[in-house]
Each structure stands twice: as structure tokens, then as C-alpha cells.
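Asks: Mind having a look at this structure? Questions to follow.
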Amino acid sequence: MRVTGARFPGRYIQAPELLSRLGSEVCSLGSHALCLLDGTLASRLEPLVYKGAGSSLKVVCRTHGGECSETEIAASVKAGRDEGVDLVIGVGGGKTLDTSKATAHELGVPVVIVPTIAASDAPCSALAVIYNEDGSVAYDRFLSRNPELVLVDTQIVAQAPARFLAAGIGDALATWYEAQSSLRADVPNCWGTHGAIVAHEIARLCRDVIFEHGAAALTDCDSNTVTPALEAVIEANILLSGAGFESGGVAGAHAIHHGLCELEDVHHHLHGEKVAIGVLAMLLILGEDDEFEHVRDFCKSVRLPVRLADVGIVEVTDEKLDRVGRRACKPGDIMKNEPIEVTPGMVADALKRLG
Ligand SMILES: [Zn+2]
């Protein structure tokens, strides 16, 4: 049976200084929360969380260890059980948020996600990427439901380095192209559902918002100022891209991202930066040369990489490109969601053309 559908978080809200209303926003979900705080920001965030919780919400804060690993999740689950919490709140970047989702899932309680950066479209999703202790990816864990609430304090996001926002734009850039590929190939998303009309419209809107407001949002982020442009791009990076990719499907751009991650060279670069290279290479592979020019100009305008050297691959060799191509086209993996058959050689050629 061909089933169409879409996935969303239970509720999504954003505003400057929204963390100050944490207690009243989550009171329908629970009254005693385990709050996982990103280790890099814990000392700054902890007082804001306690203040925002007010008198209606009892909070126990725990500083996240840095990795979303089975060990970290087990320790958080134990902390939650010992305290008898009925809610998990994650405040931080992707790994803290994914740990919070997995912890809540194991405890069988709702989860509230508070992203402190807009660097990827992970916050709204029902997915947690689990890492090994050495920092390599272990596996993707698909959870039974999306976060009950995603609360974005745009003042906090505006205070983070603009590079994170740019990376989020790179991740959001892939959403439209991958949903389009999935539609043309008539393949389902990771949950076995074909994207509903709303999935593709959200992906289109995601693209339009970042194209229109991306460059201005980065300038505003440089000055740590929340403006309508920055608010729009934060929503595109987190909500539109999140619902768009989960519902519309992923394809070649992320496949090439996975390939690039095989190389030590790229390890200091952010997910969305590598995804942007994947989008550009896929447009070349699909022969969409005019769109490639347009997207490359856009990437330059929003500080995203356009050449291999921009993501750390300074010395380009056939051996490296072959490794990237083979991982990108791993049989049964997401490259199959493209409407044409893509070979490792085609990936290597496209990356070479990027220079
Ligand atoms: Zn992504």
C-alpha cells in the first residue's frame, strides 16, 4: 500500500527570551523535569533554566557529557529514574538534544527540546544519532514519536556564532532538493511513508525563506540581534527543514555528506557545511547546471562552502574521491532515493568539478 503522510513535533514555539516562560509552557506536559544542559554552555544556561521554570516546575539539571552515546543515555536514564521525573528537557546543541530524546523515550516520558543553535534540522525530528565513544557514528535510532514541544529562544540562538546558522542553512538547503528527488523517484521517507502534499510545500517554503533572508540573517546574527530575517531563517532551519526532511525524505546530498565523512580532512566541518557540498555535487550529477550556478552563488552569499578545499579537502586525490563515492553509493542506502542510478564514479567526477 502506498501511504502518504507527514511528521511534526507536537508543538513549536519561538521568540526572543522565551526560555523565561519555560515553566508555564511545559506545565501541561509534566511538573518534575530532568534537564540536560549542553556542557559548553551549562554555567550560562543553568540559571536561565531555573529562573524560567519558576515555581510550577521542579527541575534537576545535569550537564551533558558531550557525546550522544549509549553510555551517556544510560547515565541520563538512571538520573531520571533516581529522581522520579515525569519530563525530560534538553537544552543545547544536537548531541545534547538527541540524548534528551533517547532518554525520554527510555523513561517513557515527554521531551521538550530547547535548541541553543540553529545548525541543523535535528531538533524537531524523532531521530537520535547515536555515536561511539570515539566520536564515530554508531547508528541512527528512530524513536516512536517526535518531541512534544520544541521551544526556540531566538535571543540565545542569536548569541551563538553565525557559522552555526550558516551550517543550518546548508542543511535546510538540502531539504527541498532531496524531497524533490524522493518525489521523482517515488520512494518513501525513512519511516516508509511517501511525503504528503504538505511535506513538499514545507520543503519549498524552507528553500524560499533561506534564499530570501539567509544573507541578512547572518549579518544580524553577527551583531547578535534578533530581527524578522533572523527569526525567519531560524524557523526555516529548525521547523521547516525538520518537518520537510522527515516527511519529504532524504537522498543524494546527505548520501554525499556520509561519503565525505569517511575522510579525516572534513572532521572539523559542520554537518550542514558538508551537506551543502552534497547539494552542489548532486545538482551536477543530475545535469541541472543552471540550478547549480544559482545555488553556488547562494552558498557564497551565506558563507557556505562551494569547493572541496572549503571543507578541509585541500589535497584532492582519486583514492579519496573513490572512498567518498563508494560510501555515498553504499547499496541500499539513501542514494537510492535519487531518480537516476548514481555510481561512485559519478560522485567522484562531480566532486572533482567543484574543484
Ligand atoms: Zn542533515
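Here the Cβ of each residue, glycine as well, is placed from N, Cα and C on the backbone.
Heads up, here are the entries from TrEMBL:
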- 9-154: domain 'Alcohol dehydrogenase iron-type/glycerol dehydrogenase GldA' (DOMAIN)
- Asp38, Gly94, Lys95, Thr96, Leu97, Asp98, Ser125, Leu127, Tyr131: NAD(+) binding site (BINDING)
- Asp121, Asp171, His254, His271: glycerol binding site (BINDING)
Asks: Taking every residue in the domain 'Alcohol dehydrogenase iron-type/glycerol dehydrogenase GldA' (9-154), what is their average pLDDT?
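Replies: Overall, the domain 'Alcohol dehydrogenase iron-type/glycerol dehydrogenase GldA' (9-154) comes to a mean pLDDT of 96.
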Asks: Of the binding-site residues Asp38, Lys95, Leu97, Ser125, Asp171, which ones put their CB under 6 Å from ligand 1?
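Replies: Among Asp38, Lys95, Leu97, Ser125, Asp171, near ligand 1: Asp171.
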Asks: Find, among the binding-site residues listed as Lys95, His271, the one whose Cβ has the highest number of other Cβ atoms within 10 Å in the structure shown.
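Replies: Highest number of other Cβ atoms within 10 Å: Lys95.
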Asks: What Cα-Cα separation, expressed in whole Å, is found between Asp171 (glycerol binding site) and Ser125 (NAD(+) binding site)?
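Replies: Here the two Cα atoms lie 14 Å apart.
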Asks: Looking only at Cβ atoms, how many others are within 10 Å of the one on Ser125 (NAD(+) binding site)?
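Replies: Its Cβ shell of radius 10 Å holds 27 other Cβ atoms.
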Asks: Quick check: of the binding-site residues listed here (Asp38, Lys95, Leu97), which one has the Cα closest to that of His254 (glycerol binding site)?
Replies: Lys95
Asks: When DSSP states are grouped into helix, strand and coil, how many residues of the domain 'Alcohol dehydrogenase iron-type/glycerol dehydrogenase GldA' (9-154) land in each?
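Replies: So the domain 'Alcohol dehydrogenase iron-type/glycerol dehydrogenase GldA' (9-154) is made up of 50 helix, 43 strand, 53 coil.
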Asks: Taking the mean position of the Cβ atoms of Asp121, Asp171, His254, His271 as the glycerol site, which residues outside that list, in the same chain, have a Cβ no more than 8 Å away, listed in sequence order?
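Replies: In sequence order, the nearby non-listed residues are Ser120, Ala122, Gly170, Ala172, Ala174, Ser241, Phe245, His257, Gly272, Val275.
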Asks: What's the CA-CA gap between Asp38 (NAD(+) binding site) and Asp121 (glycerol binding site) in angstrom, rounded?
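Replies: It is 17 Å, counting Cα to Cα.
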Asks: Given the binding-site residues Lys95, Ser125, Tyr131, state which is nearest to His271 (glycerol binding site) when distance is taken between Cα atoms.
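Replies: Among Lys95, Ser125, Tyr131, Lys95.
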Asks: Express the distance between the Cα positions of Asp121 (glycerol binding site) and Tyr131 (NAD(+) binding site) as a whole number of Å.
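Replies: The Cα atom of Asp121 (glycerol binding site) is 18 Å away from the Cα atom of Tyr131 (NAD(+) binding site).
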Asks: What is the Cβ neighbour count of Leu97 (NAD(+) binding site) at a 10 Å cut-off, with all protein chains included?
Replies: 29
Asks: Give the number of CB atoms, excluding that of Asp121 (glycerol binding site) itself, located within 10 Å of its CB.
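Replies: The Cβ of Asp121 (glycerol binding site) has 28 Cβ neighbours within 10 Å.
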Asks: Quiz question: given the binding-site residues Asp38, Asp171, which has the greatest number of C-beta atoms lying within 10 angstroms of its own C-beta?
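Replies: When each Cβ's neighbours within 10 Å are tallied, Asp171 tops the list.
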Asks: Under a criterion of Cβ-Cβ distance under 8 Å and sequence separation of at least 6, what residues of the same chain contact Tyr131 (NAD(+) binding site)?
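Replies: Expected: Glu67, Cys68, Ser69, Lys95, Val137, Ala138.
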